[in-house]
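Reading through the structure tokens given below for one structure.
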2 protein chains.
Amino acid sequence: MDNSGTVADHDGLSAIFDRISAIGAHSGQGVTRLAASAEDGAARAIFAEWMTRGGARMAEDAVGNQFACFDWAGENAPWVFAGSHLDTQPRGGRFDGTLGVLSAGCAALGLQAEKQAGGFKSARNLAVVNWTNEEGARYQPSLTGSAVFSGALPLGEALALRDGAGISLGDALAGIGIVGETGSVPPRPEAYVELHVEQGRTLTEAGCRVGTVEGTWAARKMTVRWIGRAAHTGPTPMADRCDALLAAALGIAAFEAVMAEHYPRLHRSAARLVVEPNSPNVVVERATVWFELRGLDISELDRAGKAVLTAFETAAVDTGTRLEVSADALRAPAGMDGGLVAIVDHTARLCGFEPLAMRSVAGHDAVALQNSGIPSALIFIPSVDGIAHHPDELTLAEDMQAGLTVLTAVLRHLAEGGYGNGQAR
Amino acid sequence: MDNSGTVADHDGLSAIFDRISAIGAHSGQGVTRLAASAEDGAARAIFAEWMTRGGARMAEDAVGNQFACFDWAGENAPWVFAGSHLDTQPRGGRFDGTLGVLSAGCAALGLQAEKQAGGFKSARNLAVVNWTNEEGARYQPSLTGSAVFSGALPLGEALALRDGAGISLGDALAGIGIVGETGSVPPRPEAYVELHVEQGRTLTEAGCRVGTVEGTWAARKMTVRWIGRAAHTGPTPMADRCDALLAAALGIAAFEAVMAEHYPRLHRSAARLVVEPNSPNVVVERATVWFELRGLDISELDRAGKAVLTAFETAAVDTGTRLEVSADALRAPAGMDGGLVAIVDHTARLCGFEPLAMRSVAGHDAVALQNSGIPSALIFIPSVDGIAHHPDELTLAEDMQAGLTVLTAVLRHLAEGGYGNGQAR
């Protein structure tokens, strides 16, 4: 394994990072660049223009995943992918996702320059990828683009997803000019590598600058609806009311109580709630809540899920409403690809870092791909104070530099065939 | 007092009622005709065309209140108003408000025909009024148009109100062609009469077809916001979270518990909740809840309000969030105008009904006007099963007929000067 060659171009990364970060940014409000929005479209255009100028050939699949292709090794050679996503949460941070796409772009441009200078010989083609709707803020489920690419989610289902305003993903993509595949989209890659900010404090507390993610927590995501009956909030006798918002409030309160008492190790949340009709003068007819439970142990998630469903049913009975579980999906804990984890670990050490083997609580595109059989690696760098999905999200410049250095070295190694031919396994 | 003259034109009422009820109607979903929406615009146009064809002169003030004017008694004569509102709740009923406007229109047309036939001599001008945004579904506070007309709410404040999408009432009105006063808007009337469906079961349970509303309950309307901190719902350690939706859920649950235990006579509701950013993967940063308490006794509302504010503060402390009370308004119990109540009671008896003296739990335009010094009367007719703000809202044809008969007789009496000159007081 060779760690020589160009120094990772951190100044180039800063420049493009600042350009993309300005798209959807509002002072003090972070960045709002929801999937398939006008802002997402603007960021995609800048990314494509930047990559094209650097010598890449752009392709896009029908769900809007962007591929900046470097056809270094010819039509029949295997591919290596690196990337992440450019969409954000509402009022989200600048680093989540964006850093992974742009670091991969910088690494590719560096390797391209190195290759042209004769510094390395590539046995693989490389694509820098921007996956569509990773966040799941506008369209649920999240990880949409990577799930479609890897075959876990049918394209038709993805395009039919609807946002809170009823706009389908297909229509939203068409609204930013994406109406089908363009260019020649590369095949399933031999390996995928993603650099991402940790969004927790584990690296900082361990004093490490680089994390090699060995696997993820499991997650159980439940969408639960209470159905009551609309009525006037004034004259309707209290005994006649079936109040779905009261049911949801009791459900959320019971969820917290059950989890805090019996499952304190699990992470839990109720973060989205849709109320209908949501008029101050109409008793709520329907309240839909998105719950998440996350942990390492599937059997614990299973027990916790049963317990909270019982609590939800009690909330329905106590309010005269009816409970409907409209989604209840388990994401099994993923183990990332062992061979790639070893390469990342070894490469990070060659680059002078002491990497921390760790697990990811959150899902990422690398996890979606790995779960669908594409060998994937996930590299973490620190988040200041662990702040994520918030305008104050921050990763320090020296940590970005560290991440870019390791990513570039890993991609050089993979492009040389360091994984596919088995020499590093 | 004379009850002779034309029979109230129930067939005419059915025809126009069916026409207006079709605007914003969706099968099984009731009627959605939010204030200043395209549907509201369409209903207004039909109302104006119908009244104009019947001989009225239309005028509109700057907040969009429509006045169908019958200038029977000359420029210097006092005015009598009758009406209600054409806006609805989302998925609301057909009768609420609409019946009052159209019954007043039918009564006016009947009196106009009677006058032309020499059957009565009017000493007053009459206007049939459609008040803007009575419901408060799209813009809070409710009763907007009547409050502006009567001077309780400055026009500028009303036009600056914003809906959930951030659209101002002024812009929404401009969107349906209302950009300022048109025609000559009549002055403050001598008396205002409103026919409305009861939205409760009191009349049915008493076996009465007509109710004379002597006054209303008081209402306390509180808008309360919990402010937490956005964070990733996955990796963020549970101890680091400040979850505004959890706070709101605990607040709503505590509100119900406190009210049910200590203030069971009051009507209570939490029917609107705005969650930000409302993404499944972001711990909620801001949750805003609209609470209402209604009762007859202001001191009880005062004590209950204090108790629930304490509970809201506890919810904030328990979740590490911050409580903000963004609105806390008391609507005092109104007594309707005694002279007009007596006229309605007497007239109803002359028409062959045994009217029930009752109180209104809900606010209505008549209450807003009465509270601002315009003598007002409110006549109730039964709602089947008391269902209101729901697609199943229903008032039977014979009850509509009864209401129209009494309203017409009351308006004939008032137009003859039966209130303003004191002969009936």
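Placement of Cβ uses the backbone N, Cα and C atoms for every residue, glycine included.
Because TrEMBL annotations are produced automatically, they should be read as predictions rather than curated entries.
Model, not experiment: these values are computed from the prediction.
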Query raised in the report: Can you tell which of A:Glu39, A:Glu49, A:Glu135 TrEMBL lists as binding Zn(2+) 2 with A:Asp96, A:His389?
Result: A:Glu135
Query - Further Zn(2+) 1 ligand in TrEMBL, beside A:Asp96, A:His196, within candidate set A:His85, A:His232 - result: A:His85
Report task. Give the sequence-ordered set of same-chain residues, not counting A:His85, A:Asp96, A:His196, with Cβ within 8 Å of the centre of the Cβ atoms defining the Zn(2+) 1 site. Result -> A:Ser84, A:Phe95, A:Gly97, A:Thr98, A:Leu99, A:Gly100, A:Glu134, A:Glu194, A:Val197, A:His364, A:Asp365
Report summary line: A:His196 (Zn(2+) 1 binding site), Cβ-centred 10 Å count of other Cβ atoms over all protein chains shown, is 27
Query raised in the report: Taking Cα atoms as reference points, which of the binding-site residues A:His85, A:Asp96, A:His196 is nearest to A:His389 (Zn(2+) 2 binding site)?
Result: A:Asp96
Query raised in the report: Whole-number Å distance between the CA of A:His196 (Zn(2+) 1 binding site) and the CA of A:Glu135 (Zn(2+) 2 binding site)?
Result: 13
Query raised in the report: What's the CA-CA gap between A:Asp96 (Zn(2+) 1 binding site) and A:Glu135 (Zn(2+) 2 binding site) in angstrom, rounded?
Result: 9
**Report entry** Other CB atoms within 10 A, centred on A:Asp96 (Zn(2+) 1 binding site)
**Finding:** 28
Report summary line: Quick note, A:His85 (Zn(2+) 1 binding site) and A:Glu135 (Zn(2+) 2 binding site): C-alpha atoms separated, nearest Å, by 8
